[in-house]
Amino acid sequence: MAKMRVYEYAKALNVSSKEILTALKNMDLEVNNHMAMLEEKAIKKLDAKYKKGGARAKSQKPAETNKNKQPQGVNQQSAGNQPNKIRDGKKNDVQNNQFNKNKKNNNNKKNKRNNNNNKNQHQQKPVKPKKELPEKITFSGTLTVGALAEELGKEPSELIKKLMLLGVMATINQELDKDTIELIASEYGVETEEVIVLEETELEKYEEPDNEEDLEIRPPVVTIMGHVDHGKTTLLDSIRKTKVVEGEAGGITQHIGAYQIEENGKKITFLDTPGHAAFTTMRARGAEVTDITILVVAADDGVMPQTVEAINHAKAAEVPIIVAVNKIDKESANPDRVMQELTEYGLVPEAWGGETIFVPLSALTGKGIDELVEMILLVSEVEELKANPNRQAKGTVIEAELDKGRGSVATLLVQTGTLHVGDPIVVGNTFGRVRAMVNDIGRRVKTAGPSTPVEITGLNDVPQAGDQFLVFKDEKTARSVGEARASKQLEEQRSDKAKLSLDDLFEQIKQGDVKDINLIVKADVQGSAEALTAALQKIEVEGVKVKIIHTGVGAITESDIILASASNAIVIGFNVRPDGNAKSTAEAENVDIRLHRIIYKVIDEIEAAMKGMLDPEYEEKVIGQVEVRQTFKVSKIGTIAGGYVTEGTITRDSGLRLIRDGVVIFEGEVDVLKRFKDDVKEVSQGYECGITIKKYNDIREGDILEAFVMQEIERT
């Protein structure tokens, strides 16, 4: 007789597994669960039980019951009533109908009972059909472990085990980021695709499409880039016929300015990006909104690191480059060298058969300026720059700051549409109504068309430089979208800590014990705060990392000092000062405030502080050697070595290494150093001395005692 599992035997008898388990227990046969295997002995006992008496009805299968019962009834009916059926057909028909009806009802009841039994069996049966792996899964944002398991057709427990093997402790409801989803999917050979869903907070959802016939010619937006001190701001001043360069601290443009000029009835908008390497993020932002890049290179300096950086930004933005070779009025100027150097970066002059326009000029004397403006207009005509002025305005934040008198002030570049005073507007995660607009020369305006820079007030908060803005039809929608975007940003900031990321895990493993230098950065404008933060985070000193606790715009306040005190941070003020309350709180809380106006000094000072925080690096220096010639054992003191200084000097505060037959036996410190009976600080070469080693007595004749000191190495 073949072996069977409990549930298989129960299914054969059309009874529940629970009933079979109870019966086995009554027979003193121990079976764990419905999946247990029944031995031949157990099957015989069960057969004996279920083939007798009251259990007989349950022991027969429905098909067998119907098969046996139906022929028996039919045969009896046909054998006993055959003559009556012939004599009284009508009566027999009624009886047969009644019999069939009863039989049908009985069968229905049995079928219903059988269905219920089958249902119970299905509920007890844990084995699910194996789902095939999909070729590809799609997701949006994040997925929980449970949701990913469902997508892959796997049990959540299996995914949790995989994550544990990767060193990640996760629950079924833990959210996984994109990288983790892709990693787990790749383990099963499944492709992934992230679907970008436009939410209610996405500005693109509210943007109106433009028709080709509505587009009109717009002014070009020109970005001036180049190395520090190559004359970018001077060039812009020369074009605008003004002098603002003298007001810049350290001769460096501290934040982006946007200006507009008019030449022969045609307008040109200029963005002045700072040239210092610390403002890389601001320069990149300038390249994103620009149509033409003017690369300023000094004829006497040639190509410098920031020049190459500017070329890369312009190429990444896929915008045409016009090279302005500045300072040609200097005696050391060599424009041909500049042209030669730039060919290495793919900028070949038209005169040499290339496509790049080179304009030699002097920003100081004004020579070549007219030709440069003419070239800008020529390139803009070729580019066919167009926008629809008859729609709701859309554009980018160039700069933003908090003004004491006017509140939140943002410099916007309108890229399409026309901005009006009174327009409901969403700017990044802020919203409001345009209360006032001022153009680049300080005059109030009521409208601003495409490629026009304006300064606006009326926002509920300070936006981030580089944020997108969009005008809405009504203030209610603008408020609701702005509040939703702000809430979403807050949730994302909170969830950044809770969300699972393999990157964080690997970083922690790589970093080990890392010291932090906590900083709070306050600046005059948002762009400077961002650029300074980016520069500080790029400082690399082994063993120490920069942690920016908070960045903000405006004066250093009491709340900044309280935050610094709680997080043990240093406050960096860039072009801002602490107010009275902040000063007194800083003194009381002993918080360090550092105020600067030049980026160089901030970086240098913080770098020096970081180097000071590191555990010092030491180098061992051997200063002397003693040969042990005799030993003396003294109670309460231990072993005293009588020795002769063969090399250098031995001092009382030096380290001591006991060497026997060329092998280091012990390393410790000098306990007592004597010359005759007197304690001495040091003993020089050629003299005898008595010496004991702290917490060590096994000194023998012929041993060598090597004295050494640890010298601190200055970090570079």
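Just so it is clear, glycine is given a Cβ too, placed from its N, Cα and C backbone atoms.
Per Swiss-Prot, the stretch carrying the note region 'G4' among 326-329, 386-389, 666-669 is 326-329.
For the region 'G4' (326-329), the residues of the chain that approach it from at least six positions outside its boundaries are 230-231, 235, 296-300, 335, 360-365, 367-368, judged by C-beta separation under 8 angstroms. Within the region 'G1' (226-233), the DSSP-based counts of helix, strand and coil residues read 2 helix, 1 strand, 5 coil.
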